[in-house]
Ligand code: DGL
């Protein structure tokens with residue numbers, strides 16, 4: 001596989017566009033083929049086997065398109081399918097998980113109170129249980145499944161301030177928010193809510209996502225294989241979606257350029 005081959009990036013729908021735009025920002029020489037599976041979204045309320053089957057179908061297409069690596073821009077699909085995909089394909093498969101370590105490390109040895117917002121499937125899977133096991137003795141961690149936040153993005157309602165704030169209050173209204181040190185955005189759809197979370201949370205609470213860390217990891221992996229695109233190569237993001245309606249195409253391109 002040549003270093004100028006594209007990187008395949010996929011998600012259950014539009015959330016992974018937050019990762020694709022991070023790649024475009026941090027690794028501008030790379031070509032990204034983004035696939036959103038909006039016709040089958042959300043993944044977070046499906047069974048692990050359903051999500052594995054959908055993920056394999058997408059990666060199979062990427063391999064046919066000659067990608068040099070795959071980024072699973074979806075915490076849910078990573079929990080359900082990353083290990084099986086790595087066992088099957090030779091190319092690097094980069095996954096994502098809620099950035100709980102970053103949140104806990106912020107305490108420099110002091111107990112942190114951390115909310116992890118993610119999909120029901122991510123929070124139910126063994127991968128998350130193992131992550132919790134590493135930190136739960138020293139920190140207070142509140143896993144909060146928020147499937148409604150996926151649908152708002154998929155339905156193009158992200159700029160509907162009232163709907164978004166009502167939904168955030170539904171999930172987070174019962175927390176004593178001034179005592180929370182950070183909220184981990186453990187779903188790539190939720191990264192688009194950063195400003196809304198800022199409005200909801202006291203200034204002292206950090207909002208943490210795993211996108212930058214994932215792209216750093218992608219860079220390290222490609223560099224170690226000598227597969228980084230040469231400087232000055234023509235990079236960019238090409239978007240495809242299983243929902244082929246013009247509305248979804250417009251929404252995807254809007255999200256790619258939205259703050
Ligand atoms: N964007 C996804 C994630 O990071 C999944 C959303 C869904 O389809 O439920 O977990």
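Cβ atoms here come from the backbone N, Cα and C positions, even for glycine.
Positions annotated as active site, proton donor/acceptor by TrEMBL: 74, 187. The annotation substrate binding site is assigned in TrEMBL to 11, 12, 43, 44, 75, 76, 188, 189.
Of the chain residues outside the substrate site list 11, 12, 43, 44, 75, 76, 188, 189, 13, 15, 16, 41, 42, 74, 77, 119, 122, 150, 187 have their Cβ within 8 Å of the site's Cβ mean position.
On a Cα basis, residue 74 (active site, proton donor/acceptor) lies 5 Å away from residue 11 (substrate binding site).
Counted over all residue pairs in 11, 12, 43, 44, 75, 76, 188, 189, the record's binders of substrate, the longest Cα to Cα distance measures 12 angstrom.
Sequence-distant neighbours of residue 189 (substrate binding site) (same chain, 6+ residues apart, CB-CB distance under 8 A): 11, 13, 14, 15, 18, 149, 150, 153, 154. Rounded to a whole number, the distance between the Cα atoms of residue 187 (active site, proton donor/acceptor) and residue 76 (substrate binding site) is 7 Å.
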